[in-house]
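Peer 1: This is the structure I want to talk about, given as structure tokens.
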Amino acid sequence: MAEGDNRSTNLLAAETASLEEQLQGWGEVMLMADKVLRWERAWFPPAIMGVVSLVFLIIYYLDPSVLSGVSCFVMFLCLADYLVPILAPRIFGSNKWTTEQQQRFHEICSNLVKTRRRAVGWWKRLFTLKEEKPKMYFMTMIVSLAAVAWVGQQVHNLLLTYLIVTSLLLLPGLNQHGIILKYIGMAKREINKLLKQKEKKNE
């Protein structure tokens, strides 16, 4: 068991080191984005919502076709991939990195690797469910996809995408400041109260 844990830890460290090397040119930008997403300043949340709202208003105004939208998005990614590693050191000064910044960059890369592992793990579990319990897999997929299709039919595509993107960008800050845990705790307490009241009525 210990040998398996050590192997997993070593593999995680190797994957993290590899990702750090790949993203080295993006280090300064990632550190800045990390600060924004974790709401290190009070005005970061409204700034996130403002920028996202502006981007989606532009998309709504231009109303591009799917092909044009995808092409522009990929073109933007290509430009960013080319320009960011060149411009970031000149703007931020990568030679001025502190030990704390280097450690935070390592933590970000480690979290990205762990997130990727979780996603792969869930994907593998899905296929395991398909092999072991095909009926349950079939029913789960049909119900889930039908629910998603119904939501997509009720809500405008652009509005739904806006809500998803905004929620994902606000999620790290909500988690960092304990807001998610706070409301989960409140929901659990309310559920427990309802269950206790039901038990008293049954008695």
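Glycine is treated like the rest: Cβ placed from N, Cα and C.
Annotation source Swiss-Prot lists topological domain 'Cytoplasmic' at 1-41, 87-133. The feature transmembrane segment is assigned by Swiss-Prot to 42-62, 66-86, 134-175, with sequence analysis given as support. Per Swiss-Prot, topological domain 'Lumenal' is recorded for 176-203.
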Peer 1: Go through the chain and flag residues at least 6 beyond the ends of the topological domain 'Cytoplasmic' (1-41) whose CB is under 8 A from any CB in it; none is fine as an answer.
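Peer 2: Answer is 47-48, 84-85, 88-89, 91-92, 94, 97, 101, 104-106, 108-110, 112-114, 117, 169, 172-173, 176-177.
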Peer 1: Can you tell me how the residues of the topological domain 'Cytoplasmic' (1-41) break down into helix, strand and coil by DSSP?
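Peer 2: Helix, strand, coil within the topological domain 'Cytoplasmic' (1-41): 35 helix, 0 strand, 6 coil.
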Peer 1: At a C-beta cut-off of under 8 Å, are there same-chain residues at least 6 beyond the topological domain 'Lumenal' (176-203) that contact it? List them, or none.
Peer 2: 38-39
Peer 1: Which numbers of helix, strand and coil residues does DSSP report for the topological domain 'Cytoplasmic' (87-133)?
Peer 2: 43 helix, 0 strand, 4 coil
Peer 1: What average pLDDT is reported by the model for the topological domain 'Cytoplasmic' (87-133)?
Peer 2: 85
Peer 1: Would you list the DSSP helix, strand and coil counts for the residues of the topological domain 'Lumenal' (176-203)?
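Peer 2: Going by DSSP assignments, the topological domain 'Lumenal' (176-203) contains 25 helix, 0 strand, 3 coil.
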